[in-house]
Amino acid sequence: MTRWRPRLPGGAPLMLLAAASSFLLLTLVHECAAGLQHTVAAAAESVDAAAITVHKCCARDEIVVVNMCRSANITSTSPWAPEFSASREDDATAGSKTLPASSVSYKLATGFPNCKSRQQWLVYHYHGSGDRLVLYPSGKLRHYVLKHQNGGSEEQHQRDYIIDHERSFDYVQGFYCLDKVIDIDKPDSNAQVAVICTPQVPSPWTDVDYVMRRVVNPACQAIAMTCLLLVAVVHFVLPQLRDLIGNMVTTLAGCMIVARIANVVRIFVEYNGPISYLMADAFLYISTLSSFFWLNAMGYYIWHTFKSRNVFLRITDGRKYCYYSLYVWSCTIAMGGMAIFAHFILDAPDSRNDINRNYSSHPSSAPPIEGAIGWLGVAVIFVPVMCTILVNLFFYFSTKTVIKRMSTYGQIHHKMKYSFDMFSKLFAIMIVDLTLFILSWTQDDILFYVHVIFNPIQTAFILYVTVIRPKRVKFLLRKACCYEHCILPCCRPKETDVQAGTEWGEEMMAFNTSDY
């Protein structure tokens with residue numbers, strides 16, 4: 001028996017194949033759409049992650065009007081849009097060029113910053129203000145505090161974009177917000193306001209550089225001035241020391257005191273104005289120049305005394321001092337005037353603006369000091385100093401040769417021998433101090449610190465060479481201040497002091513029988 005089997009129509013297999021194909025196609029389309037949607041979402045998430053966050057104080061459609069958030073439609077102005085600086089963060093022309101907001105991927109976050117323990121502070125940036133706000137494409141906000149506020153002239157307007165002397169503070173995202181501001185008193189459509197969290201400024205007492213320049217340097221200058229003042233007073237008060245050499249030492253110490261006073265004044269008037277700093281700078285260099293001229297006059301006098309056959313000249317020490325003073329002060333005033341003239345007239349403006357001889361708190365990164373004498377003026381001052389050093393070297397070697405050849409010499413030559421010894425030691429001390437002073441102009445802080453520390457040591461050496469070491473000066477001091485009735489036994493005169501007095505023809509003083 002044959003089993004019956006139902007038969008499908010002839011087109012049924014084609015219909016099943018078409019249905020299966022349609023199902024597979026729909027499934028493939030669905031999977032492609034889902035994958036595309038996932039890709040778009042991932043791309044959007046990556047774009048959002050790459051976009052920087054710019055913090056806006058008010059809502060998106062609001063601006064600041066007289067310290068209050070108001071709708072931009074009420075004020076008939078456009079809402080605030082960020083302006084990013086096209087300059088690098090280490091560029092000196094910050095804010096001169098801006099990027100369009102569309103070229104930077106950013107997203108706005110409205111609201112004021114949460115400063116926590118810090119204080120909120122308002123900073124306004126408008127034409128002519130002393131503050132400048134610069135937003136970088138990285139999302140960092142930099143606040144420049146300008147030293148000079150800008151006015152309406154073209155030159156001052158250019159200073160609004162070229163930073164000369166400023167301090168800057170950086171604020172990362174979350175510690176600031178920006179917005180447009182409209183003020184009734186200062187209508188400026190481009191004015192901006194920033195609410196910032198005050199930066200945590202470290203204590204200057206923890207900064208070694210600040211302590212060295214603002215505390216240790218003035219203290220060392222005070223110690224140096226005290227030592228030099230003792231030298232000047234001793235050689236001025238004691239009548240036996242008021243000869244020509246003593247008057248030269250007194251004037252030399254006075255010039256050094258004026259130079260150190262000018263140095264201290266220069267430390268504290270650095271940010272007060274260019275005129276004050278220029279005056280202090282000029283006094284410092286001119287006083288240094290005069291001290292080397294006085295040392296040169298002393299060397300010439302000693303050299304001339306040993307070279308002269310007749311030392312008993314009919315010229316008093318007072319008249320000689322007037323002649324030497326005329327030489328020193330005329331040369332000092334002439335060279336100082338030429339230096340000031342060269343600074344204002346001959347020196348290039350760029351050279352005057354680039355002076356930074358290591359006086360500010362951070363010389364390697366600090367801006368140039370306004371008011372400092374330019375390099376041409378400094379050269380006019382220190383070229384004569386170098387010339388006096390060369391001439392003094394000639395005086396030293398020539399006089400030393402004459403002393404070696406002398407077999408016998410009288411009282412005046414005996415006195416000049418001690419004066420020559422003092423001159424040679426003063427010459428060496430001042431050369432070392434000048435070398436360290438010039439090296440302190442470099443950008444190496446260590447050299448400046450060495451100069452600061454050596455300053456009181458140098459003056460202590462001068463005190464030792466001119467007052468403490470000479471036996472005659474010690475004898476005269478004990479005779480005048482603490483002879484037999486001194487409280488301290490160590491300060492009472494000894495037999496060696498009496499012998500020291502006899503070396504100078506002062507044996508009558510040793511016996512206390514005459515006011516020599």
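From the backbone N, Cα and C atoms, a Cβ is placed for every residue, glycine too.
Copied over from TrEMBL, here are the features:
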- 1-34: signal peptide (SIGNAL)
- 213-470: domain 'G-protein coupled receptors family 2 profile 2' (DOMAIN)
- 222-238: transmembrane segment (TRANSMEM)
- 245-262: transmembrane segment (TRANSMEM)
- 282-303: transmembrane segment (TRANSMEM)
- 324-346: transmembrane segment (TRANSMEM)
- 372-397: transmembrane segment (TRANSMEM)
- 418-440: transmembrane segment (TRANSMEM)
- 446-468: transmembrane segment (TRANSMEM)
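Within the chain, the transmembrane segment (222-238) has long-range Cβ neighbours (under 8 A, six or more residues past its boundaries) at 246-247, 249-250, 253-254, 256-257, 260-261, 264, 455-456, 458-460, 462-463, 466-467, 473, 476-477, 480. When each of 324-346, 372-397, 446-468 is scored by its Cβ pairs under 8 Å to the transmembrane segment (282-303), the top-ranked stretch turns out to be 372-397.
Mean pLDDT for the domain 'G-protein coupled receptors family 2 profile 2' (213-470) in the predicted structure: 84.
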